[in-house]
Amino acid sequence: MQVHKYDVVIVGAGGAGMRAAIESGQRARTAVLTKLYPTRSHTGAAQGGMCAALANVEEDNWEWHTFDTVKGGDYLVDQDAAEVMAKEAIEAVLDLEKMGLPFNRTPEGRIDQRRFGGHTRDHGKAPVRRSCYAADRTGHMILQTLYQNCVKHNVEFYNEYYVLDLLMVDQEVTVDGVTRIEKRVAGVVSYDLASGELHIFQAKSVVFASGGVGKVYKTTSNAHTLTGDGMGIAFRRGIPLEDMEFFQFHPTGLAGLGILLSEAARGEGAILRNSEGERFMERYAPTIKDLAPRDIVARSMANEVREGRGAGPNKDYVLLDLTHLEPAHIDAKLPDITEFARTYLGVEPYTEPVPVFPTAHYAMGGIPTNIKAEVLADNDTVVPGLYAAGEVACVSVHGSNRLGTNSLLDINVFGKRAGLAAAEYALTADFVDIPENPTAETEELLNRARSSEGGERVALIRKELQDIMDANVQVFRTEETLLEALRVIDSLEERYSRITVQDKGKRFNLDLLEAVELGFLLDMAKVMTAAALHRRESRGGHFREDFPERDDENFMTHSMAYKDPSATLTSGVRLETKPVIFTRYQPMERKY
Amino acid sequence: MEKEPASKVELAPGVGGGGEIPTFDITLKVRRYNPEVSDEAHWDEWQLTMYGTDRVLDALHKVKWEHDGSVSFRRSCAHGVCGSDAMRINGRNRLACKTLLKDLDTSKPILVEPIKGLPVEKDLIVDMEPFFQSYREIMPFLVSKGHEPSKERLQSAEERDRYDDTTKCILCAACTSSCPVFWTDGQYFGPAAIVNAHRFIFDSRDDAGDMRLEILNDKEGVWRCRTTFNCSEACPRGIQVTKAISEVKQAILTRRI
C-alpha cells in the first residue's frame, strides 16, 4: 500500500474540482483524484449557459440575480451565499474568458447573453438576457477550459483513482479554557482502478468536488458514474447531509431516455405543448410561461400527463416545439441538442415537435458548507481542513430548487473559493497523523463485495432501486409512497449484503466498482426518502400531495440528515433542522 | 423581437414520434483480453434481444449486467459528450453510446474491439496516457501577452467562428486511433492533438500560434498526415479534422494565421 503526502487533495475533477485545483495548485502542493479522466466529468454535459449580470445586452445587476436565485429556491436559499454567488458571478465569467473560454459574442465582440428560466429583470417583471454561453455546449467548454488551464499550471492528476474513505481523527481542542472534541482531516483512502491497489493520500486539506447522485433514479440526465460517492463517504463518517429531499427534475429530457435537452431551447423561444397542441404553460405561469423555474414546469408537465393530455401512443410525454424557429437560428444556437433528438429519437426538430418528459437532473442538497466552502459537522461547527464545492455540496445557493445556469456558476464561484481556502489553510496547518489501520474499513468493504457468494446481482438491485425512486420519490410524493420506498430500499439493502461480484480480478475491476457505487446509491436513496418524509409541506422541487402548500411556520428551515442506527423508523437516518439565513428578502408567495 | 408562438396549434396525427418500439435479436462479439488470465486475446459472443432505441453501449451493459460482469469498458455520460467509450464497432471507430444498433447490419454479428494504436489494458480499455501526452505537448491553453483587460477581451463573431469547429473536441481518441500513420508510428502527434492546436492557433486572442506551429513542424508533426480522411469519418462530433490539419499545414507554410 502506497502513502502519498500532499498539502491539498481534491476529490473529483469536474468543474468545481478543477476550478479549485487551478487556485490551490498555484499556492500549495495539490493532487486531484478522479475516478474518471478529468475531461469525462459530467460538467461537460451542461449545455445552456452560466448566468452573470454582465449587462452586456440589456440592463441587469447582481441584486436582481440574487433575488431570482432566492425566489427560484422558494426562499430556502441562504441569502448570504446567494449574494456572494451573484456578485462573484461577474468575475467568474470574466476569469473563464481570460482562461480562453470561447463564449458566443455580440455584434460588438462582447460576451453574448440569452434568457433562461427564472432569470428576470427587476424582481420578476420579465425574462432577462443573463446567461453567458458557448452554443449549447457551455459545460463542455467550461470543462475543457478548466482542464486546459490545469495542464498550463501542471496540476497533478491521479486518474481513475476512486476515493472510498475520508480519514478523520477526533482531537481535543481547548479554546478559552473550554475543552471539546473536534474532528480533524487526515486524508483519504483511494482505490486505483488500473491495479486494484489501495493508496492513502495524507493531506492537510481535502476538498470534495465529486458531483451528484442522479443515478438513484432510472430516468436521468446524469452520467452512469454519478452515484453520490462523496456525499456517501461524508455521511458514513458522521457528517450530516443538508436538504436532500430536494432533487431537481429537468423538464425537457428526451422521452423514455432522459437525455437532456437544454432549457436554452426554451430560452431561444421553443415552447411546450400537450397532446391537444396547447401551450399549457400559459395556464401555470402566465407571466413567464415556458421560462418558469424547472420545478414548476416539470410539475406542470407531469400534471398534463396525469390529466390525460400527454402525447404519444401511451400519452406519457409532452412535446417541445421548435418548429416556429428558423432552422439557421436553431443550428447556430442549439446544434447539439437538436442532434440528440435526431440521433436518439429520429425526430427532426425543424419540422416536428420533440417528445420530452422530466428527467432527474440535480441534487440541491449535499454536504453542508458555509460561504468559505468549509464543511460543517453540524449547524455551525467547521471541520478544519475539510471543504466541499459543486453539486456534492449544499452551501445553500439553490434552496429547494436551482435555477438553470446556476450550477455552472456555483462550481466556478465556490470551486474557486474552496481551492483558495484549502490552500490557505494548508499553508498554516500541520499534517494530522494518519489513524491506525487507515484502510481497515475500505478493505472490509471491498472484501465483502468481492468474496460474498450470495448470488444477488448488483444490476438487478440497482434497477429495482431506480424503479422505486422513479415511481415513489419523483415529482409527486405522499407519505404513503415515501414509506413504501423506504421499505423497498431496506429490503434491497438486505439483498445487497448478499451480492456476488463476478469479476474476481484486480485489474480494472469495474464490476467491483459498480458494487461499491450501489452501496452509496442505497445510502443516498434512503437519506433522500427519509428527508422527504420529514418535510410535511411542498416547496420548490419537493411536492407533497398530502401537504400541497408551503408551510413557512414549520418548515422554513433546512433539513440535516445524520446517520444514526437508533433512528429505526426512518432506516437509520435522523433528521434535524438548521435555520435559513436571511439578509434582504422576506418570503413572499412564489408566482411567475 | 421574435414572434410569440400560437397558444394552440393543430397537431398532425402521429406527430412527435411514438408507436411501439420494435425489438430485435443481435449477436454481439467482443474482443476480450485480460493479462491477469491470459496473454492471448479472444472473442466472446452473446445473443441478445434489444430495443429499437438501444445503442451499442446498451448491448454492452446488457452483457455486463446480465451475463458476464467481467466484460470491461469505460463509459460515463452515455450520450456522446464525455468521450469515454470510443471503440471499434464493425471495424469503424465510433462512440458506443452514439451508435444505434438498428443502424448497424444486425443480420451479422456486431464486432466490438478496442481502438487501435494504444496499448490494451483489459478488454475494451486502452491506456490513454500516450494520447493525452501528445495533447499536452501542443500547449492546449490560451497564451496571451500584454496586460489583462479589466473586462472580457473583445472578439468578433467572425473571429469566434474561425475556430468554432475545433472547440467541439471531446478527446475521445476516435480520430487519432483511426489514423494508419498513428498505428505504425506512435510518436506521431495524431489528429486530436493537431485539432486542439488548431483551436488555439486560430483564436484571435492567442499569442502562441508560432510556437505551436513550430512544435507541429516537427518530423512527428503535421507532415506525417497523409490525408486519408479516416479521422474526419471517425469524429463523433462531426469535426472536419482533415480540413483543420490542412489549415495548420497551410499556416506553417505561409506563417500567416
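Cβ atoms are placed via backbone N, Cα and C, with glycine included.
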Out of A:His199, A:His361, TrEMBL lists as part of the substrate site with A:His250, A:Ser262, A:Arg402 the residue A:His361
Near substrate: residues not in A:His250, A:Ser262, A:His361, A:Arg402 with Cβ within 8 Å of the site Cβ centroid are A:Ser221, A:Gln248, A:Pro251, A:Leu260, A:Glu263, A:Arg294, A:Tyr362, A:Gly404, A:Ser407
Applying a CB distance under 8 A toward chain B to the recorded positions A:Gly12, A:Leu36, A:Arg294, A:Arg402 yields A:Leu36
Of A:Gly12, A:His42, A:Gly44, A:Arg294, the recorded positions lying within 10 angstroms (C-alpha) of A:His250 (substrate binding site) are A:Arg294
Comparing local Cβ density (other Cβ atoms within 10 Å) for the binding-site residues A:His250, A:His361 points to A:His361
Sequence-ordered, the binding-site residues among A:Gly12, A:Ala16, A:Gly48, A:Ser262 whose CA is within 10 A of the CA of A:Arg294 (active site, proton acceptor) come to none
Note: in the chain of A:Arg402 (substrate binding site), residues six or more apart in sequence with C-beta under 8 angstroms of its C-beta are A:Gly72, A:Gly73, A:Gln248, A:Arg294, A:Tyr362, A:Met364
Within the same chain, the residues at least 6 apart in sequence whose Cβ is under 8 angstroms from that of A:Gly12 (FAD binding site) are A:Val32, A:Leu33, A:Thr34, A:Ser41, A:Phe208, A:Ala209, A:Ser210, A:Gly211, A:Gly230, A:Gly390, A:Val392
With the fewest other Cβ atoms within 10 Å, the residue among the binding-site residues A:Ala16, A:Leu36 is A:Leu36
Going by C-beta under 8 A and a gap of 6 or more residues, the same-chain neighbours of A:Gly48 (FAD binding site) are A:Phe116, A:Ser131, A:Tyr133, A:Asp136, A:Thr138, A:Ser262, A:Glu263, A:Ala264, A:Gly267, A:Gly404, A:Thr405
A:Ala16 (FAD binding site) sits from A:His42 (tele-8alpha-FAD histidine) (Cα to Cα, rounded, in Å) at a distance of 11
